[in-house]
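What follows is a single structure, written as structure tokens, with notes after it.
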Amino acid sequence: MEHFIAGLPKLELHLHIEGTLEPELMFALGQRNGVTLPWPDVASLRAAYEFDCLQSFLDLYYLGASVLVTEQDFFDLTWAYLERCAADKVVHVEIFFDPQTHTARGIAFETVLGGIERALQEAERVFGISWRLIMSFLRHLSEEAAFATLAEASPFISRIHGFGLDSSELGNPPGKFARVFARCRELGLPVVAHAGEEGPAAYIWQTIRELEVKRIDHGVRCSEDPELVSYLADTRLPLTVCPLSNVRLKVFDEMAHHNVLTLLEQGLCVTVNSDDPAYFGGYLTANFQALVQALGASREQLCRLCLNAVEASWLSLTDKVRLTRDIRQHAALHGVILH
Ligand code: ADE
Ligand code: ZN
């Protein structure tokens, strides 16, 4: 099975680039930039990765991101992630970045975008990995701050492929950003939002009705509303699910209780993703392996999850046809029958 997962062409649609900052790189960049971290070494930082909810993770995640200062830092961060993608046969990525985490510290928007984009372009050339870039708003900040960030981004909109919404979900319903997202859609770009990670099913409905999202990030709490599950199955509005993240942040108490395969069998367009892999104990391959170990996911189910990611991606039709063929070929090679 390990061999099967390793060779399966995989797509990642829910990945925060700041969440790929491994402790070793965090310390190296801290040293390079004269940023002092509140942990003495890598081992004690790793020991702090015990989260009891989303907020306890976010506090550490924003602190860690403070070592990112120069364009080269953002390049190095992104490049390290893309090297792993190449080794793990991740062939397409749609990456979130959080400009407000950096602009609030006086880092220019262009510095952040430039470094991430340069690594993506280089990885496309060297590894053949295709990509899209999603600029995400921090929902714990105000609507006004989001509008200001959108204005700051306006000279660079042609280099961005969509908009997202992340950070502390509880107490920050999607409707808070309805006007910002209306403006984003007017720019002609697709929008997505985190919803139903810690927040209730009502927040998922809000992203659909008030933000008009093209995908829902997480969305696992849809199970609490049968009408919503039917809607998602009928419309095939995709969910970008992150199993290891959900267990680490206590959305599910253990992987054996995760609902991703149930949702798959109910006909939803669910996909598997790694969210913040440096903090949650594994990249995309580890997420697939966890589904096999804890839930007994079959090879056929793993293939369908990848085919769903092709469907949910923002690739061109030509690329979707090519990747669908590649996944089906891999399945056939291993005697897996797909309907
Ligand atoms: N930012 C980074 N990871 C996140 C997550 N899992 N939920 C909300 N915001 C995030
Ligand atoms: Zn996320």
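Each position is counted from 1, following the chain as shown.
Glycine residues also receive a Cβ, built from the backbone N, Cα and C atoms like all the rest.
Since this is a predicted model, take the numbers as computed values, not measurements.
Residues or ranges marked as domain 'Adenosine deaminase' by TrEMBL: 9-328.
In the three-state DSSP classification, His16 (Zn(2+) binding site) falls within a strand. Sequence-distant neighbours of His16 (Zn(2+) binding site) (same chain, six or more apart, CB under 8 Å from its CB) are Ile95, Phe96, Phe97, Asp98, Ser136, Asp166, Asp275, Asp276, listed in sequence order. According to TrEMBL, the feature Zn(2+) binding site maps to His14, His16, His194, Asp275.
Taken from TrEMBL, the feature active site, proton donor covers Glu197. Cβ environment of Glu197 (active site, proton donor): Leu54, Glu169, Asp217, His218, Gly219, Val220, Arg221, Asn246, Leu249, Val251 lie under 8 Å away, each six or more residues apart in the same chain.
Residues or ranges marked as site 'Important for catalytic activity' in TrEMBL: His218.
DSSP assigns Asp276 (substrate binding site) to coil in the three-state reduction, outside any helix or strand. Look at TrEMBL and you will find Asp276 tagged as substrate binding site.
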(request) Write out the long-range same-chain contacts of His14 (Zn(2+) binding site), meaning residues 6 or more apart in sequence whose Cβ is under 8 Å from its Cβ. (result) Glu94, Phe96, Asp217, His218, Thr240, Val241, Cys242, Thr271, Asn273, Ser274, Asp275
(message) Given a 10 Å Cβ-Cβ cut-off, pick out the one of the binding-site residues Asp275, Asp276 that has the most other Cβ atoms nearby.
(response) Asp275
(message) Taking only same-chain residues 6+ apart in sequence, whose CB is under 8 Å from that of His194 (Zn(2+) binding site), what do you get?
(response) Arg139, Gly164, Leu165, Asp166, Ser167, Glu169, Asp217, His218
